[in-house]
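Step one of this worksheet: look at the structure below.
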Amino acid sequence: MITLRKLPLAVAVAAGVMSAQAMAVDFHGYARSGIGWTGSGGEQQCFQATGAQSKYRLGNECETYAELKLGQEVWKEGDKSFYFDTNVAYSVAQQNDWEATDPAFREANVQGKNLIDWLPGSTIWAGKRFYQRHDVHMIDFYYWDISGPGAGIENIDLGFGKLSLAATRSQEAGGSYTFSSQDIYNSSKDTANDVFDVRLAGLETNPDGVLELGVDYGRANTTDDYRLADGASKDGWMFTAEHTQSMLKGYNKFVVQYATDAMTTQGKGIPQGSYGSTFDIGEGDDQLHYVDRYVNNNGKLWRILDHGAISLGDRWDLMYVGMFQKQDLDNDLGTDWWTVGVRPMFKWTPIMSTLLEVGYDNVKSQQTGDRNNQYKITLAQQWQAGDSIWSRPAIRLFATYAKWDEKWGYIKDGDNTLRYAASNNSGFNTTSRGDNDEWSFGAQMEIWW
């Protein structure tokens, strides 16, 4: 029996328990780590074609990486709520027991849901955020990603689709110059690159098929009394259309993208090009001289991409990707990049499987006309928490073989790697790996939760 003297304490404890349940902290994240060796000796090597923006990742990741997310719904009244989300990332070379590293503070934002009565279902947000990212998992390639500090409103229900509006920022070192400052130490400063993003998603096109359309505008935002270097890329556009088809207990995504000028460098919705590095050939000495100045990214980029993950029965799952990307720049520093790959999975039991990943990359230099190509094959035996190709955590043993033939590379000037390309027989020191092959083997864990 609870006496009156004990009643206030019991009420306080009960209120505390209920509050703790209502305000529970969400813990999410991602991590991978392992150990590997190379056939020719030494630690594990990873293989990526020169000029390609990504690599086939199964049995081909040489670092320990983790993202730790803590979040909490801090207030809720009816269907209205505020949610606070954070994310800190770490990456080390997995070479020692003690590897110190500075964390990357990747997310810190607040999301308010259903706060605007005349826009039910919408969310307003502000802060650093991973914003509606689109990627190909098997090559770890983000083709639409404007993440960064920003603000916006998303999931506005229009009846036929959902509209999202956002603005984010990505800082670019250097690029803004002034000649009016009396302080020589303030003669240049970093350039703030702004992105304005509009997306319309959930457009029903056919049974189990939806379309998403997006427009991104990026620009270099200079401070008063500063100006961009002459000829620097000041702004650009990116247009995206993505069709998602639900099929075979999975999906297929077909994507078409077009970008101009400052949006061509990364090709994912973040502007670059107001600053960079290049080189000059000295008159009379034919020597390479490193010059710290802008890089002009004026031009265009086309990308056609198809990727997906499907089930082919009780025992088989499959991931796949095929992509062509053409970066056609006015200064001839672009590339043509072809990539195609598959990752079938055979399930021996609900928790044990064998995976085979085969990937091929071909990259043509716009400047030299030469091509780099690489194919990579990985066989892995895996134990995972479930019978899906997406099931994690997973522990895998792997063996990887890569064969490449590279005819060009980016010019190296000491410790600097420049955007200019040169053929292997040009006489310049380049990043080209030549014609060779290698194999590696090891063990890795991967988890997300």
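Cβ coordinates come from backbone N, Cα and C, glycine included.
According to Swiss-Prot, the protein has these features:
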type: SIGNAL; residues: 1-24; note: signal peptide
type: SITE; residues: Y30; note: site 'Greasy slide, important in sugar transport'
type: SITE; residues: Y65; note: site 'Greasy slide, important in sugar transport'
type: SITE; residues: W98; note: site 'Greasy slide, important in sugar transport'
type: SITE; residues: Y142; note: site 'Important in sugar transport'
type: SITE; residues: Y251; note: site 'Greasy slide, important in sugar transport'
type: SITE; residues: W390; note: site 'Greasy slide, important in sugar transport'
type: SITE; residues: W448; note: site 'Greasy slide, important in sugar transport'
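Everything Swiss-Prot records as a feature, shown here on the structure.
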| residue | record | DSSP class |
| --- | --- | --- |
| Y30 | site 'Greasy slide, important in sugar transport' | strand |
| Y65 | site 'Greasy slide, important in sugar transport' | strand |
| W98 | site 'Greasy slide, important in sugar transport' | coil |
| Y142 | site 'Important in sugar transport' | strand |
| Y251 | site 'Greasy slide, important in sugar transport' | strand |
| W390 | site 'Greasy slide, important in sugar transport' | coil |
| W448 | site 'Greasy slide, important in sugar transport' | strand |
Sparsest-packed of the listed recorded sites (Y30, Y65, W98, Y251, W390) - C-beta count within 10 angstroms: W98
C-alpha spacing of Y30 (site 'Greasy slide, important in sugar transport') relative to W98 (site 'Greasy slide, important in sugar transport'), in angstrom: 20
C-alpha spacing of W390 (site 'Greasy slide, important in sugar transport') relative to Y251 (site 'Greasy slide, important in sugar transport'), in angstrom: 13
Candidates Y65, Y142, W390, namely the recorded sites, that fall within 10 Å of Y30 (site 'Greasy slide, important in sugar transport') by Cα distance: Y65
Which of Y142, W448, all recorded sites, has a Cβ with the fewest other Cβ atoms inside 10 Å: W448
